[in-house]
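Asks: Pasting a structure here, questions to come.
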Amino acid sequence: MARHVWQAGRFEIGLDKPKIMGIVNLTPDSFSDGGVYSQNAQTALAHAEQLLKEGADILDIGGESTRSGADYVSPEEEWARVEPVLAEVAGWGVPISLDTRRTVIMEKALALGGIDIINDVAALNDEGAVELLARQADTGICLMHMQGLPKNMQINPKYQDVVGEVARYLKARAAECIAAGIAPQRITLDPGFCFGKTLQHNITLMRHLPELMAETGYPLLIGVSRKSMIGELTGETDAAARGHGSVAAALAAVARGAKIVRVHDVKATADALKAWEALGINL
């Protein structure tokens, strides 16, 4: 089903043109910018404001690193990281996404107010998560595919048919949400690049995004920014220096139908999309 609007809390986000989700990591150990914006809330808020100036349509705020092999973070620590920033950005009048896989963090944030989207790498598998979101009238949801858990997901991931298996998993998660009373227009899906996938799995998924979107019937949100696949493709070992490859991958995703791209390098991505569209490429 073709859909051109994502119901996301206070906003109906138009998907007729690709949207940019800017990443605000409040973690000391994220793979790319860990510790850069987690020192204090004011540093993080200044970064978030800069992302909006550069062209971000959505801010995605997270307090737990889900990189491969990431250390455990308690729910108390995760909430302590995100709460002061969420409390401030809630009044900015822009779509705010919370990147979390814990029901308790979702519940606290939704009670705080001003949170429009729950972006969950675990696809609402935490106990009570689906029921919590079903009780919300309009909160947007992004369900992501991951094989395994962050601590072990990159240890020899295997698939018989990566596109088919990812599609079936995401369809099943979306179906559970709808059965619980969540409206389909609130749902987007993320195939989970580099979450329990080899480089070849990631390449195959990217090349077959149109089939994945057709099979699932939902808009796709794609996150490839600065990830290991970009490093493997370009030979760049420094995650922070993978911006050029990340922009190219974001454009490749959009060209294949992705509606939202989650990125660190907002200005470069926004400029690339503007130039590409102006030069007559059908996005």
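Cβ coordinates come from backbone N, Cα and C, glycine included.
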Asks: Which one, Asn40, Asn119, is listed by Swiss-Prot in the same (7,8-dihydropterin-6-yl)methyl diphosphate site as Thr66, Asp99, Asp190, Lys227, Arg262, Val263, His264?
Replies: Asn119
Asks: How big is the Cα-to-Cα gap, in Å, between Asp99 ((7,8-dihydropterin-6-yl)methyl diphosphate binding site) and Asn25 (Mg(2+) binding site)?
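Replies: Just about 9 Å between their Cα atoms.
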Asks: Looking only at C-alpha atoms, tell me how far Asp190 ((7,8-dihydropterin-6-yl)methyl diphosphate binding site) is from Asn25 (Mg(2+) binding site), rounded to the nearest Å.
Replies: 18
Asks: Enumerate same-chain residues with a sequence separation of six or more from Asn119 ((7,8-dihydropterin-6-yl)methyl diphosphate binding site) and a Cβ-Cβ distance below 8 A; give 'none' if the list is empty.
Replies: Asp60, Gly62, Ser97, Leu98, Asp99, Thr100, Cys142, Met144, Asp190, Leu221, Arg262
Asks: Quick one: pull the CA-CA distance for Lys227 ((7,8-dihydropterin-6-yl)methyl diphosphate binding site) versus Asn25 (Mg(2+) binding site), whole Å only.
Replies: 14
Asks: So how many other Cβ atoms are close to Asn25 (Mg(2+) binding site), meaning within 10 Å of its Cβ?
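Replies: A 10 Å sphere around the Cβ of Asn25 (Mg(2+) binding site) contains 26 other Cβ atoms.
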Asks: Record lists Thr66, Asp99, Asn119, Asp190, Lys227, Arg262, Val263, His264 as binding (7,8-dihydropterin-6-yl)methyl diphosphate; longest Cα-Cα distance in Å?
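Replies: This binding site's residues have a maximal Cα-Cα distance of 18 Å.
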